Amino acid sequence: MNPQAKLTSTMSLILGTTITISSNHWMMAWTGLEINTLAILPLISKSHHPRAIEAATKYFLTQATASTLLLFSSMTNAWFTGQWDITQLTHPTSCLLLTTAISMKLGLAPFHFWFPEVLQGSSLTTGLLLATAMKLPPITLLLLTSHSLNPTLLVLLAVTSAALGGWTGLNQTQIRKILAYSSISHLGWMTITLIYSPKLTLLTFYLYCLVTTTIFFTMNTTKTLKLSTMMTAWTKIPSLTAALMLALLSLAGLPPLTGFLPKWLIIQELTKQEMTPTATIITLLSLLGLFFYLRLAYCATITLPPNSTNFMKLWRTNKPVNIITTTFMILTLSLLPLSPMTLTIT
């Protein structure tokens with residue numbers, strides 16, 4: 001891809017995100033989301049592969065539909081209340097339309113079908129942007145309007161996302177699709193506590209971005225896209241592959257790793273709100289995700305390919321691991337003891 005075009009797309013992404021998260025008027029927020037959508041399209045389709053073009057088309061159609069719903073929601077609210085302020089969303093129909101629009105933008109179930117396909121058609125770097133940075137503006141809009149949204153609807157969307165994200169990720173062999181379904185499942189955890197503790201939703205999002213970034217960086221370093229290639233990639237950088245196993249377990253939410261912190265706090269918050277049955281259901285649904293994380297971890301470090309299979313033996317690389325990947329990996333594995341400080345900051 002042309003460096004000037006890549007720089008333009010990247011700067012537009014930063015601009016669109018900044019406009020949306022700093023605006024208090026619906027038109028400005030919508031403008032930022034549109035800039036984001038148009039800026040990411042060249043990055044998705046840059047390989048000129050039919051699957052990449054298909055992914056870009058699906059992404060554009062879904063995001064355009066969601067933006068239309070969001071604009072319609074804000075106009076309806078302005079028509080009945082005379083308010084364009086984001087925090088003044090009070091009309092019930094507008095709240096329902098906004099929840100639908102943001103769910104489509106984020107990939108919350110049952111509006112999640114586009115996300116795995118788009119992630120599968122993108123490169124690992126673009127996939128990382130789609131799974132983390134592109135979710136920040138919609139999450140911000142959800143946080144700003146959280147006091148107006150329907151709690152029952154949000155809990156229903158959250159439990160559905162956790163269930164479908166777990167079930168549909170079980171039989172996948174493509175790592176990008178597995179990470180997409182993992183993202184859908186984590187979005188369920190973020191949504192379920194949105195009304196009761198918006199700061200906790202934001203903390204969960206930050207830690208999810210941290211762990212997911214680490215895994216994408218590691219996959220990019222070892223050039224791994226499928227489970228079959230992951231089984232033979234351990235010879236490249238054994239230490240990084242071993243750390244990858246722990247990062248995957250952190251994403252699953254196992255103690256004493258960083259990923260356990262948001263799940264622990266969310267379960268505690270739901271129990272405080274006397275929603276123990278909901279907390280129990282979403283905790284049991286997270287076991288589905290744990291299965292495919294364990295499967296990935298097993299493929300990454302424990303399995304040795306059988307000698308009868310013909311495969312290309314990978315040479316161990318002498319290239320040192322990127323310092324950014326190393327830093328993210330350390331944070332992914334060791335932030336749990338710092339949880340009191342983390343909670344104080346947020």
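Cβ atoms are placed via backbone N, Cα and C, with glycine included.
What TrEMBL says about this one:
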{"type": "DOMAIN", "residues": "23-288", "note": "domain 'NADH:quinone oxidoreductase/Mrp antiporter transmembrane'"}
{"type": "TRANSMEM", "residues": "56-76", "note": "transmembrane segment"}
{"type": "TRANSMEM", "residues": "96-115", "note": "transmembrane segment"}
{"type": "TRANSMEM", "residues": "152-171", "note": "transmembrane segment"}
{"type": "TRANSMEM", "residues": "178-196", "note": "transmembrane segment"}
{"type": "TRANSMEM", "residues": "202-219", "note": "transmembrane segment"}
{"type": "TRANSMEM", "residues": "240-261", "note": "transmembrane segment"}
{"type": "TRANSMEM", "residues": "281-300", "note": "transmembrane segment"}
{"type": "DOMAIN", "residues": "290-342", "note": "domain 'NADH dehydrogenase subunit 2 C-terminal'"}
{"type": "TRANSMEM", "residues": "321-339", "note": "transmembrane segment"}
Seg_contact(the transmembrane segment (202-219), the transmembrane segment (96-115)) with at least 3 CB pairs under 8 angstroms, min sep 6: no
Chain residues outside the transmembrane segment (321-339) and at least six past its termini with a C-beta under 8 angstroms from it: 207, 210-211, 213-214, 217-218, 221, 237, 239-240, 243, 246-247, 250, 255-261
Long-range environment of the transmembrane segment (281-300) - Cβ separation under 8 angstroms, sequence gap at least 6: 158-159, 162-163, 165-167, 169-170, 172, 175, 178, 181-182, 185, 188-189, 192, 227, 230-231, 233-234, 241, 244-245, 248-249, 251-254, 263, 267, 270
